[in-house]
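Taken from TrEMBL as is:
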type	residues	note
DOMAIN	59-97	domain 'EGF-like'
DOMAIN	107-146	domain 'EGF-like'
DOMAIN	158-196	domain 'EGF-like'
DOMAIN	225-373	domain 'GAIN-B'
DOMAIN	380-620	domain 'G-protein coupled receptors family 2 profile 2'
TRANSMEM	382-403	transmembrane segment
TRANSMEM	415-433	transmembrane segment
TRANSMEM	439-461	transmembrane segment
TRANSMEM	482-503	transmembrane segment
TRANSMEM	523-546	transmembrane segment
TRANSMEM	567-591	transmembrane segment
TRANSMEM	597-619	transmembrane segment
REGION	640-665	region 'Disordered'
COMPBIAS	642-658	compositional bias 'Low complexity'
Amino acid sequence: MKNTIGDIVQGSFLCYAVAINAKQGATVPQVNMLSKHIEPEEDGEFNTGAVGQSSGSYDMDECTISQGICGNNAKCYNTNGSYYCQCEHGYRAKSFNFTSSTGQCKDINECIEEPKICGLNAECRNTIGSYSCSCISGYNPGPEAETVQQARNITCVDIDECSITPDICGQNAYCRNTNGHYDCQCQPGFISTSGNTSFTNGTGKCVDLKCDQYTLDTATLQILKSFSTQPQGSVMLSSEHVKLDTQWETTEGYGFTSICLVSYNHLESSTNNSFHGMSNFSQGMRYKLVSKVVSAKVSNPNTAHLEKPIFLTFSLLKSKKGSLICVYWDEKLSGGGWSEKGCSVSESNGTHTICSCTHLSSFAVLMALYDIEEKFQQQLQMITWVGLSLSLVCLFLCIITFSCFRSIKGTRNTIHLNLCISLFAADFIFLIGITKTESMTGCGIAAALLHFLFLSAFCWMCLEGVQLYRMVVLVFHTELKLACMLAAGYGIPIVIVGISAAVNWSGYGTEKYCWLSRKDHFIWSFFGPVCAIIAVNTFFFVLTIQKLVEKFSSLNPELSNLQKIKTFTVTAIAQLCILGLMWIFGCFMFQEGTIAMVYLFTIFNSLQGVLVFLMHCLLTKQVRNEYRRLLTSICSEKKYSEFSSNQSSKSQASKSVQHTGESKM
């Protein structure tokens, strides 16, 4: 910067010079007038041409130089090299600190921004920069509210017009004070000229009641006379889904006798979980609504204990055969709920149920969803224990067979070995842990392991189908790589179980069994993949059979090899049918009235190990030969041991005879 002395400070500055050595004819005011405002680090010069003398810069006080720079209702604050503005109380700009170019102050409408700022029974009135509160008509400010200007939540007290002005209603009328108002009513023997029973001052007055203006309505009295005698006998009301039978004596109350029956369209679905009032609910009993919900109402106010019960005939939504319970809606329960107190089943068949109740409320029919009866439970438990024990023994023999006999080593043998390992582990956990529900964490882990192991068994079966297809179609490289098989046989189930557990871990384990819950359809995280695996396996079996038919009909079929593949395919299909049917029965066993499905699932699940041993070991010629060779070897060793023992005993006897003879001689 030319001709200036001093530090450069951020802001807007005014350069100046002293009068010494100024140009001829220039004065100090003229020097200041001719100089320019400059910014820091920006070159500028004095027009006076002062050189080598003291010069410098100083801060401008914009608030003093330019009064009103912030506009109306704002205060200006000077800073070093600048300034800022702030709004006064009751005003607001876009930002708290601003300048003349960035904002201006506007009035705040407190009545809109805080509708209840004045409190109850008061109204708000906005003013420039402020607001005021006043009580609405019929109210006055309380004694503590000396002023209502900018007051919050002022107390407005009702004006008792009747006390202040006792004769406000006029003659022959009395005044009744209300909150914020009052009304007038005529005394007995007088009537209001307004035609209304209540009026205010100026809208009516009370005059004498002249009875000769009225006539006796004999026709109406004659009709009313017929109701003076209460009806007797039975009464019936009916709707599409229910019929009500009761006695008129039960329904009569004060004045008219009436009875009402209401049937709700879809209420049974929204109240189908409110069973905490049932006596057996704490014991794990489950229920389901099987009828429409109805409400009965009569003019008799005392319906808590009826002398004669009412009868409700319900049409069941579906034909049901089971334990039915008549219930009513008890409002005294927490949140309301169904209860059987005071109601009983009078008669029932597959389509209708008659309920007898000694009180009135809302009614419905429940079905108790009993678990499997105890006698069936004991039978199924016995089948499970015996069958699974046999399966574990047979699967153990299969594992020993597939892992020890070298002559049957191969890809199919590896598949069968891992299949048996999965089934053995699944059956073992099923046997010892399916009912261990005491620990929810342990039960969930057992359910997740069963989920993984059964899925793994299906994956290994699918790999067998793929392997058979490769044996028929490919000539070379028909064997699957072990790493690929392990990834498919165990990797896919791990991924499925991992995703299922991450999404809904609480779905593993139920109140009764350590298995997948049916809540939120979580069970389909097992049945869905199983159905997909069965579909893929079936697809490969169809292709394999088609290729076999083509090869058998060719000119030069390799009969021995094709016959072996045919046998393998039939065995694999039979195995898929056994395991597939077992879980089809397992899917349908959750429906009502399917005790046969429960038995079929239990039998197939218990004996699957026996069936696998039968198909892959006893019915396989190569394995039978190995068993025969093993038994022959064992028997040969036993005979050789017996022969050696006999020879040794004969030798000892011979020596003994010789020794005796020699002694005799």
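Using the three backbone atoms N, Cα and C, a Cβ is placed for every residue, glycine included.
Unlike curated entries, TrEMBL annotations are predicted automatically.
Ranked by Cβ pairs under 8 Å to the transmembrane segment (597-619), the stretches 382-403, 439-461, 482-503, 523-546 are led by 382-403. Confidence over the domain 'EGF-like' (107-146), given as mean pLDDT on the 0 to 100 scale, stands at 83. Within its own chain, the transmembrane segment (382-403) has Cβ neighbours under 8 Å at 413-414, 416-417, 420-421, 423-424, 427-428, 430-431, 599, 602-603, 605-610, 612-614, 616-617, 623, 626, counting only residues six or more beyond its boundaries.
If you look at the domain 'EGF-like' (107-146), the same-chain residues 6 or more away from its ends with a CB under 8 A from one of its CBs are 73, 88-92, 152-159, 161, 179-181.
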